[in-house]
């Protein structure tokens with residue numbers, strides 16, 4: 001009797017995703033439930049207020065990840081449709097994978113798992129690290145490879161976040177350290193592992209066109225508008241959340257202005273570089289996350305936004321070519337300049353802010369109270 005022919009490679013991906021979705025359905029059917037509705041009016045009002053407080057910010061983050069980040073990555077003209085599809089699939093896959101891992105850990109210790117919007121938000125933050133990391137290898141890897149990266153990265157992120165936030169007690173409401181710095185160097189590690197042995201020249205098809213740069217700039221503007229929601233969503237409602245929004249707006253405004261100045265001075269013809277504007281204008285939002293909810297003068301937020309934008313632009317201009325030449329480190333989207341360098345600046349600013357802050361400075365994170 002003739003042996004069955006092996007499955008076509010193109011069918012392996014949908015079959016694998018189908019099996020994953022089936023396993024998730026089984027796990028949810030056995031272990032996941034919603035909280036029972038409260039019978040008391042006061043408790044019901046409290047739950048409603050919490051929902052109305054977090055859901056608009058959650059929607060803003062959805063727009064950032066699905067639309068803004070997807071469009072930001074379309075600067076490669078021959079990869080625009082693929083990157084939007086891959087970004088959307090990776091977001092959903094990584095979020096469900098994070099929910100599954102969180103549920104397993106919670107089930108082991110507490111039995112039945114109660115799902116709420118806060119759990120989903122934490123899972124999406126795990127997915128954000130994947131979306132950032134794959135920027136280092138954008139356009140040079142298959143979707144199967146990206147899904148393998150996501151499968152490996154999500155549990156590593158959850159473990160590192162537990163160590164940083166729970167074990168070490170680091171307060172990082174905007175994910176400067178736990179999300180941006182982690183995802184940057186994880187992505188660079190993946191790039192080095194896959195392509196570090198050879199220095200590959202830039203392919204002509206990888207050069208951005210005016211149309212692809214325009215689409216990417218639209219993504220930048222969407223991210224710029226909604227970034228305060230990303231930083232403030234995990235802050236304690238009230239003064240801390242108010243400070244986080246104000247500090248983020250100030251930092252991002254300063255980073256946008258500084259990017260224009262620095263790019264014009266560094267370019268020979270005095271024109272703005274699209275890549276500088278697409279990245280540098282967001283650097284302030286990355287850096288401010290670690291200190292956004294702290295009591296500090298407004299000038300500190302402006303200064304941090306300016307410094308992070310300067311670091312990003314200088315990194316794009318000088319550091320990325322140097323790393324590619326000396327270390328054969330390929331960083332397709334410049335994640336080291338947008339997420340790594342501003343993230344390190346934000347971490348340093350957090351250490352300084354804690355040293356000079358008064359003893360009664362109020363900082364809190366919802367995940368620590370959950």
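Each residue, glycine too, has its Cβ placed from N, Cα and C.
Curation does not apply to TrEMBL; its annotations are automatic.
Taken verbatim from TrEMBL:
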TRANSMEM  12-34  transmembrane segment
DOMAIN    24-354  domain 'Ammonium transporter AmtB-like'
TRANSMEM  54-76  transmembrane segment
TRANSMEM  88-108  transmembrane segment
TRANSMEM  120-139  transmembrane segment
TRANSMEM  146-165  transmembrane segment
TRANSMEM  214-234  transmembrane segment
TRANSMEM  246-266  transmembrane segment
TRANSMEM  299-319  transmembrane segment
TRANSMEM  340-357  transmembrane segment
| note | Counting only residues at least 6 beyond its ends, the same-chain positions whose CB falls under 8 A of a CB in the transmembrane segment (12-34) are 93, 96-97, 99-100, 103-104, 107, 112-116, 143-144, 147
| note | Note: vs the transmembrane segment (120-139), the recorded stretch with the largest number of Cβ pairs under 8 Å from 54-76, 88-108, 146-165, 214-234, 340-357 is 88-108
| query | Considering only Cβ pairs under 8 Å, which range in 54-76, 146-165, 299-319 makes the most contacts with the transmembrane segment (88-108)? | reply | 146-165
| task | Kindly say whether the transmembrane segment (54-76) and the transmembrane segment (246-266) touch, using the definition of 3 or more Cβ pairs under 8 Å where each pair is 6 or more positions apart. | result | no
| So which residues does the transmembrane segment (146-165) touch in its own chain, when a touch means Cβ under 8 Å and the partner is 6 or more beyond its ends? | 13, 16-17, 86, 89-90, 93-94, 97-98, 101-102, 126-127, 129-130, 133-134, 137, 171-172, 177-178, 182-183, 186, 190, 365, 367-368
